[in-house]
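This report concerns only the one structure given below.
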Amino acid sequence: MTVAWQASRRTGGELRIENVVRSFAAIRAVDDVSFTVKARGITGLIGPNGAGKTTLFNSVAGTLPINSGSVMLNGIRIDGLAPHRIFGHGLLRTFQIPRPFAEMTVLENVMVTPAGQAGEQFWNTWLRPGLVAREEKALRDRARAIIEFCGLTKVERQLAGAISGGQQKLVELARVLMGDPAIILLDEPGAGVNPGLLDHIVDRIAELRKQGLTFLIIEHNMDVIMSLCDHVAVMAAGRLIAQGRPSEVTADSKVIEAYLGGGVA
Amino acid sequence: MTGILLYLVFFLIVTLIYSIVVMGLNLQWGYTGLFNAGVVAFYAIGAYGTAVLMGPDRSTLIGGFGLPFPIALIGGMAAAGLGALIVGLAALRLRDDYLAIATFGIAISVQLVALNFEGLTGGAQGLIGLPRPLFSMFDSPNGFNLFYLGFVACMAALVYLALQTALGSPWGRLLKAVREDETAAASLGKNPAMVRLQAFVLGCTLMGLAGGLYVGFIGFVSPLDFLPILTFQIWAMLIVGGSGNTKGAFVGAFAVWGLWSVSGMAVSKLLPVQFQSQGGAIQTMLIGLLIVLTLLFRPRGLIGESETISRHAN
């Protein structure tokens with residue numbers, strides 16, 4: 001018996017990206033980029049292929065170190081921290097190509113996330129089995145509620161490597177929701193997803209925003225960006241070329257030029 | 001008939017000792033994805049550690065503390081665990097085949113130390129005349145062997161139960177998450193370096209335990225007991241039994257050591273004397289064939305990996 005899941009403890013995270021630079025040899029993949037993701041809103045990050053969006057994502061999430069600049073989450077500086085430390089500050093992410101734990105069931109993919117599980121210390125499994133069992137039961141119930149919220153109940157017993165790419169994206173979303181996030185970074189949630197499932201993903205993101213979660217989303221599908229985002233930042237050739245409301249940036253001549261291949265002035 | 005039964009007791013003791021090594025390797029590879037190609041090094045450290053701690057005082061050798069076997073056994077395990085900690089801190093940042101090369105190099109180094117550090121290990125002669133636990137209480141070696149089979153069976157069962165409990169829990173899930181995708185695990189707040197180190201040290205400690213049990217049984221230790229072929233045999237046991245499943249350690253050890261023993265007897269009985277020295281190659285080829293057949297017909301081993309990890313996630 002599962003109960004309806006709601007985002008709870010740690011909602012609303014303001015992310016400030018300030019003058020971030022990330023280079024690969026002589027190439028500045030992210031070149032002095034600054035913008036703010038406002039708490040309890042959805043910010044879109046768009047741009048043509050090779051613009052540096054995913055590099056910026058990886059830099060913010062700690063997967064790639066930055067060369068200069070800073071990243072602040074709710075006023076706390078998080079750049080330079082390892083990814084697992086950044087998780088502790090409430091920033092969770094998904095990946096452009098889904099990275100489920102393929103040989104684990106969907107349910108256990110979701111149960112992995114919470115920090116500080118007593119059973120993750122092997123000695124507790126021998127010395128405090130009752131505590132581990134109680135925690136596991138509570139985790140399982142919560143994971144099932146999130147799985148139901150994401151529409152994955154039918155596949156919760158299946159190996160995550162055996163479900164569709166779109167479902168894997170939902171598994172990643174369920175995994176991050178289990179981590180009680182302050183802000184979620186979604187890397188192309190709509191890529192390679194069939195239209196029906198994409199509508200479902202968009203609906204879930206909108207519902208989570210209502211519950212107070214903050215999102216930064218990379219997406220190429222402009223319908224998704226227009227329907228979800230309050231604010232959009234546009235990158236091209238590593239630089240931020242525009243930002244503002246979705247209707248403003250889509251009318252911006254620099255954005256149109258970048259998408260049509262005119263380069264960046 | 002009695003001869004066969006006595007050999008069966010000997011065979012089962014060695015099989016159970018190897019199954020403990022395989023359980024250690026399964027923890028590292030089956031659950032965490034660590035390619036340890038230096039299994040024999042930690043088995044040897046456990047064996048020599050136990051031997052040095054329990055051996056009699058000898059004027060020409062360091063050690064010879066004459067400690068009771070259980071304490072020496074714990075000391076041997078701790079030595080293997082400490083060795084693994086040092087190696088792990090240095091090498092665990094390496095991935096896959098690079099880690100395999102590093103650990104293989106460590107295995108060779110340990111064997112060379114065993115061969116050349118005569119003051120501690122007795123060099124090529126090894127350490128002989130080591131006391132065997134409670135040996136004097138038995139009228140014959142056969143009685144001791146039967147007792148030791150019971151003791152080793154209890155130790156193997158204890159290791160199995162401890163591992164099943166620990167691995168069928170969030171800890172096992174954590175290890176598998178790191179095995180499946182370190183980057184994703186780190187993004188979910190897990191510290192892959194710490195997880196890898198835990199699995200490596202614990203696995204090597206179990207290998208050290210097995211080395212100590214071997215010394216307690218044989219009463220003798222020499223570098224020839226720790227040739228690289230043993231690492232190959234242990235890996236074969238893991239592949240045949242099925243990695244990612246602790247039960248597979250017993251099945252794999254029984255199958256591979258059984259094939260090795262039977263083929264060894266066949267070689268000694270059937271091959272002409274002048275070809276006996278080449279007989280070992282036939283044994284190795286047969287193990288290779290068993291691995292190939294397993295990979296072809298049961299790629300996940302005789303006992304495959306279960307889909308649900310935590311027993312609470314049902």
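Easy rule for this one: first residue shown is 1, then count along the chain.
Each Cβ is built from the backbone N, Cα and C atoms, and glycine gets one as well.
The transmembrane segment annotation in TrEMBL covers B:6-27 (among others). Sequence-distant contacts of the transmembrane segment (B:6-27), counting only residues of its own chain at least 6 positions beyond either end whose CB sits under 8 Å from a CB of the stretch, comprise 36, 39, 42-43, 142, 145-146, 148-149, 152-153, 155-156, 159-160, 163, 167, 175, 199, 202-207, 209-210, 213-214, 217, 233-235, 237-238, 241, 243-246, 248-250, 252-254, 257-258, 261.
With a threshold of 8 Å between CB atoms, the same-chain residues lying at least 6 positions outside the transmembrane segment (B:34-55) that come near it are 21, 24-25, 28, 61-69, 71-73, 75-80, 83-84, 87, 92, 96-97, 99-107, 109-111, 114, 120-121, 127, 129-131, 196, 199-200, 203-205, 207-212, 214-216, 221, 225-228, 230-231, 234-235. The transmembrane segment annotation in TrEMBL covers B:34-55 (among others).
If you look up TrEMBL, you'll see B:67-91 (among others) marked as transmembrane segment.
Taken from TrEMBL, the feature transmembrane segment applies to B:98-117 (among others). Sequence-distant contacts of the transmembrane segment (B:98-117) (same chain, six or more residues past either end, CB-CB distance under 8 Å): 34-41, 44-45, 48, 87, 91-92, 123-124, 222-223, 226-228, 231.
Residues or ranges marked as transmembrane segment in TrEMBL: B:146-163 (among others). Long-range contacts of the transmembrane segment (B:146-163) within the same chain: residues 9, 12-13, 16-17, 19-20, 23, 27, 132-134, 138, 206, 209, 213, 216-217, 246-247, 249-250, each at least 6 residues beyond the stretch ends and with a Cβ under 8 Å from a Cβ of the stretch.
Taken from TrEMBL, the feature transmembrane segment covers B:199-220 (among others).
Here the transmembrane segment (B:226-242) has long-range neighbours at 18-19, 21-22, 25-26, 29-30, 37-41, 43-44, 47, 104, 107-108, 110-111, 114, 248-253, 255-257, 260, 284, 287, 290-291, 294-295, 298, 300-305, meaning same-chain residues at least 6 beyond its ends whose C-beta is under 8 angstroms from one of its own. Residues or ranges marked as transmembrane segment by TrEMBL: B:226-242 (among others).
According to TrEMBL, the transmembrane segment annotation covers B:249-268 (among others).
The feature transmembrane segment is assigned by TrEMBL to B:280-297 (among others).
Recorded stretches compared: B:67-91, B:249-268, B:280-297; the one with the most Cβ pairs under 8 Å to the transmembrane segment (B:199-220) is B:67-91. Within the chain carrying the transmembrane segment (B:67-91), a Cβ under 8 angstroms from the stretch's Cβ atoms is held by residues 38, 41-43, 45-51, 53-54, 99, 102-103, 106, 131-133, 196-197, 200-209, 211-213, 215-216, all 6 or more beyond its ends.
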